[in-house]
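Student: Pasting the relevant annotations from TrEMBL:
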type	residues	note
REGION	1-58	region 'Disordered'
COMPBIAS	1-11	compositional bias 'Polar residues'
DOMAIN	167-548	domain 'Amino acid transporter transmembrane'
TRANSMEM	198-218	transmembrane segment
TRANSMEM	245-265	transmembrane segment
TRANSMEM	277-300	transmembrane segment
TRANSMEM	312-333	transmembrane segment
TRANSMEM	353-375	transmembrane segment
TRANSMEM	387-410	transmembrane segment
TRANSMEM	470-493	transmembrane segment
TRANSMEM	500-518	transmembrane segment
TRANSMEM	524-549	transmembrane segment
Amino acid sequence: MRNSVSDQSFVMESDDEEHRLGGSEEEEESDGSSSCGSPRVVEAAGGGQPSSYASHQWPQSYRQSMDIYSSVQSPCLSGFLGTPTLSRLSSSFLATSFRGKPAPEILKPLLPTALIAATEDDHVDDARKSSHQYLPPSRKASSLFKIPEDQKPLGGGGGHEVGPYRQCSYTQGVMNGVNVLCGVGILSTPYAVRQGGWLGLVILAVLAVLAWYTGVLLRRCLDSKEGLETYPDIGHAAFGTPGRIVISIILYMELYACCIEYLILESDNLSKLFPNAHLTIGGFTLDAHVLFAILTTLVVMPTTWLRDLSCLSFISAGGVVASIVIVSCLFWAGLVDHVGVNKSEGTALNLPGIPIAIGLYGYCYSGHGVFPNIYSSLKKSNQFNAVLFTCIALSTVLFAGAAVMGYIMFGETTESQFTLNMPPNLMSSKIAVWTTVTNPITKYALTMTPLALSLEELLPTNRQTYGNIIMLRSALVLSSLGVALSVPFFGLVMSLVGSLLTMFVAYILPCACFLAILRSTVTWYQIVLCVFIIVVGLCCAGVGTYSSLSKIIQNYQ
């Protein structure tokens, strides 16, 4: 049942009188113009209380911090973001600190015993009731919204999704997926063709199909047990606490690497715009690359301190538009301004460069950490496979279009970012470069915040103060600057991340988790296909990582 935000009473603490929400989910028609800003209650298949895998395990903040990527919404009466999950979460971490108080102690041990597990929910509820909400309320204990009595669903079944979930239409789900996939990776697709040749585009198509299939496997894993909501939850269900921790670390490493890529990208493109910029301090001269990397860091660092990221999240939701604008500018420069068209026929196949190309193409499909959140955000969960197929197909069209046009235009001189090849005097080039420069500045804080929140969970309770949180986040930003200055090779770093991390997140681990969780029901051909994907993923990860590291080392010799 659809309810406007004005009809809701927002609550920030658990409600003692809250009724169990459940019953049958009412089917409703939705289209691309429908809003995701209204709360929705969805029935659990089993009708009982789900056992949350995330209640007492690190990272507790993963679900809420990644929900921001599945909340891309159109402006409506309820505001830019109908469900500003990350802004509430970030606010909860810092709100008490402004008063000089540590955040409430509700984080539990990574491995609670069976006896503790039986009583943990009561302790967590009590802690939330007496606190200023260190984390958003548990969905099985409370709802973010107090729903009027006449709008509550009938029935007594426990809700699997309570609160601001199951709100997005098919079109909005596709937009969320495209926004996640079409990041900075699109800039390097022409460089990937240069590395692997024209036939390397077959790798892009194969990885796209496999990414869709493994995304569907994640959905199957989520549906297999109550309480599974995130990728780390799936790892926990498949391999216990070690699986949860390992998968979480890999996902956070991938986010951290994205932040490093943002700084390298800003440095490269701004130094192209202002090649003569430099600064001399105490006898040391900072060239344009170093100077702009430092300036970008100084700009983005305060954004990581923000308690309310809803404004940044709305701006960064324009990533889909930004990607389309950048690719359109590339086509305009080639077809209208005739920049480098027919300059080179290119290479059909370059075997030595295939490992680098694999990493670059793989990086383009590094969205699996968010796919479970997109699945949870859909009004009609049975549309997820189609949503996933559509967003991957649209993203692949953009990737392939940029790759083909960029390589046709620049041939063997193609840089790791095609914006670096575009003539600076053309208006299309200026639009493309400035769009490229602006977008990562809004995304940096949103990308770093999940990692920061996970580390803040590990701080002792008496250390979770505003000052310590600011220092921790600043240290993360400065460390990313240090890595960006130490390894300023955009394409090679992207290939390394795509080979070492994305291959595991997008291909290997979904298959492994699927086989582990559903081993009693999988068919023989599913086993064969999953094993095949795992073997291919491991081979790609091995050769891609080795080649990327080798070329990075060669650049220092």
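Even glycines carry a Cβ here, placed using N, Cα and C.
Model, not experiment: these values are computed from the prediction.
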Student: Check the transmembrane segment (353-375) against each of 312-333, 387-410, 524-549 and return whichever range has the most CB pairs under 8 Å.
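Tutor: Selected stretch: 524-549, with the most Cβ pairs under 8 Å.
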Student: Other than its close neighbours in sequence, what residues sit by the transmembrane segment (470-493), given a CB gap under 8 Å and a spacing of at least six beyond its ends?
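Tutor: Cβ under 8 Å, 6 or more out: 188, 191, 256-257, 259-261, 263-265, 267-268, 289-290, 293-294, 297, 300-301, 304-305, 356, 360, 415-417, 448, 451-452, 455-456, 459, 548, 551-552, 555.
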Student: Taking the transmembrane segment (387-410) as the reference, which of 198-218, 312-333, 524-549 gives the largest number of Cβ pairs under 8 angstroms?
Tutor: 198-218
